[in-house]
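Inspection log for the structure reproduced underneath, given as C-alpha cells.
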C-alpha cells in the first residue's frame, strides 16, 4: 500500500487522541451518576450520567427514557 495512507491513519489517530484529551480536561470526573447531578443542573432537560469516568449530561431526543 501507499505509505501516504499509513501516514494519514497515524496522523488522524493522533488528532483524535489529542482532541479527546483536550475535551476531557473541562469535564468533571465521577465514579457514579449521583456525582454528576450538580454538574448537569446548569442545563435544562438533561439527565446526568457517569460515562467513562466523566460526567455527561444526556438529552433525550425521543424514544424510551426512565
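From the backbone N, Cα and C atoms, a Cβ is placed for every residue, glycine too.
Feature annotations, courtesy of Swiss-Prot:
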DISULFID  30-50  disulfide bond
DISULFID  36-55  disulfide bond
DISULFID  40-57  disulfide bond
SIGNAL    1-24  signal peptide
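Overlay of Swiss-Prot feature records on the structure.
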residue : record         : Cβ neighbours (10 Å)
30      : disulfide bond : 19
36      : disulfide bond : 24
40      : disulfide bond : 18
50      : disulfide bond : 17
55      : disulfide bond : 20
57      : disulfide bond : 16
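Secondary structure at residue 36 (disulfide bond), as computed by DSSP, is helix. Restricting the disulfide-bonded residues 36, 40, 57 to those with a CA within 10 Å of the CA of residue 50 (disulfide bond) leaves 36, 57, listed by sequence position.
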